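*Asks:* Residues or ranges marked as anthranilate 1 binding site by Swiss-Prot: GLY80, ASN111. Summarising the annotation, Swiss-Prot assigns 5-phospho-alpha-D-ribose 1-diphosphate binding site to GLY80, 83-84, THR88, 90-93, 108-116, SER120 and lists sequence analysis as the type of evidence. Among the features that Swiss-Prot reports, Mg(2+) 1 binding site is placed at SER92, GLU226, with the record citing sequence analysis. The annotation anthranilate 2 binding site is assigned in Swiss-Prot to ARG166. Annotation source Swiss-Prot lists Mg(2+) 2 binding site at ASP225, GLU226, citing sequence analysis.
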Amino acid sequence: MLTYALEQILLGKHLTRTVAEEAMGEIMDGKATPAQIGAFLASLRLKGEQVEEIIGFAKAMRARAMNFPIELPGLVDTCGTGGDGSHTFNISTASAVVAAADGVRIAKHGNRAVSSKSGSADVLEALGVPVNLSPKDAADCLRATNLCFLFAPLYHQAMKHAAGPRKELAIRTVFNLLGPLTNPAGASHQLMGVYDAKLLPNVAAVLHELDVKRALVVAGSDGLDELTVTGTSHIAELRDGRILTYEIEPEQFGLRRHEKDALRGGDANENAKIIHDVFSGARGAARDIVLLNAGAILYLADRVSSIETGVIRAAELIDGGLVMRKLEHVRHIAGGMIHAS
């Protein structure tokens, strides 16, 4: 099926959902050669991935993912595509901790660095939070703290077959989109950042087809796969089965506009220090972008009625010490599970 799919793509034809699912299944099952995988990913990128294709690919990955042992209503994921080349600090990871401090249940799906110096797994480890919990321990951590980390290589072991070709291609591929679309815990609510605003309506449509109830798919005008404080943020909001697109500016939420360089991070330890400083009350660009994205999560999870009130609440959580206490709680619970195993 992969050979057939590749032939169709080279003819400029779009794949059906079924063909896409079967083709990705062959890759996930180790039935494709590295050359076939590389050609498939590169030609697909050149053609442009369509909604039905992405749905099929995501279904193939979800079918092969390790099972997460519990289902919780209102579960949120904050996971971006990466690949934006911005080298910012780990904004969505920091924002997830803020939202968890207000009682939002978050199953953060992520990995180590691919295109940056520090992935979500790297910075959490630098903050003292173990990331390689078993599914049972991760579920227990979620129950106890409202936050757990789902380490992608553990849950998506079939992805190893595509790892080599992806690394050698060294370009964005459909797998950048698929990571955020395949949360092992089946999160029903999602803040998903993408690297190109043109992807927003299609990705929102895919999330709807994958039974996500509410989503904010976002892209910064500066290329960030986050809500940004350097300029305009583009949003596709999925709610009640409908998709609404709109734009926001940082000034709408009482936030200053900053230069992109002020958001730049470094390695995991440098990014951990930035996050620790934000949680300790430091003012500036890092705080403002965390407030904006955490406020969006609180709105997404129906903790507040608007992103604006979410930003205000996020500031209260940080300044009241609740976010730092949440980080310490997660560190204690997850660390205890590692030592006990």
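Quick reminder: no glycine exception, Cβ is built from N, Cα and C everywhere.
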*Asks:* Quick one: pull the CA-CA distance for GLY80 (anthranilate 1 binding site) versus ASP225 (Mg(2+) 2 binding site), whole Å only.
*Replies:* 6
*Asks:* Roughly how many Å separate the Cα of SER92 (5-phospho-alpha-D-ribose 1-diphosphate binding site) from that of ASN111 (anthranilate 1 binding site), to the nearest whole number?
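*Replies:* Here the two Cα atoms lie 13 Å apart.
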*Asks:* Can you tell which of the binding-site residues (THR88, SER92, ASN111) has the fewest other C-beta atoms within 10 angstroms of its C-beta?
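*Replies:* The binding-site residues THR88, SER92, ASN111 were compared, and ASN111 has the fewest Cβ atoms within 10 Å.
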*Asks:* Quick one: what's DSSP say for SER92 (5-phospho-alpha-D-ribose 1-diphosphate binding site), helix, strand or coil?
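*Replies:* Reduced to three states, the DSSP call for SER92 (5-phospho-alpha-D-ribose 1-diphosphate binding site) is helix.
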*Asks:* To the nearest whole angstrom, state the Cα distance for the pair THR88 (5-phospho-alpha-D-ribose 1-diphosphate binding site) and ASP225 (Mg(2+) 2 binding site).
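*Replies:* Cα-Cα, rounded: 10 Å.
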*Asks:* Name the residues of the same chain, 6+ apart in sequence, whose Cβ is under 8 Å from the Cβ of GLU226 (Mg(2+) 1 binding site)?
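*Replies:* Looking at Cβ-Cβ distances below 8 Å from GLU226 (Mg(2+) 1 binding site), excluding near sequence neighbours, one finds GLY80, THR88, ILE91, SER92, GLY193, VAL218, GLY220, ILE289, ASN293.
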*Asks:* Which binding-site residues are spatial neighbours of ARG166 (anthranilate 2 binding site) here, meaning Cα within 10 Å, out of HIS109, ASN111, ARG112, ASP225?
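*Replies:* Cα filter at 10 Å returns nothing.
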*Asks:* Please report the three-state DSSP label of ARG166 (anthranilate 2 binding site).
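*Replies:* The residue in question, ARG166 (anthranilate 2 binding site), is helix (DSSP, three-state).
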*Asks:* On a simple 10 Å Cβ count over all chains shown, which one of the binding-site residues HIS109, ARG112, ARG166 is most densely packed?
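*Replies:* Of the binding-site residues HIS109, ARG112, ARG166, the highest Cβ count within 10 Å belongs to HIS109.
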*Asks:* DSSP secondary structure for ARG112 (5-phospho-alpha-D-ribose 1-diphosphate binding site), reduced to helix/strand/coil, please.
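*Replies:* SS state of ARG112 (5-phospho-alpha-D-ribose 1-diphosphate binding site) = coil.
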*Asks:* Just to verify a number: CA distance, HIS109 (5-phospho-alpha-D-ribose 1-diphosphate binding site) to ASP225 (Mg(2+) 2 binding site), in angstrom, no decimals.
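*Replies:* So the Cα of ASP225 (Mg(2+) 2 binding site) lies 15 Å away from that of HIS109 (5-phospho-alpha-D-ribose 1-diphosphate binding site).
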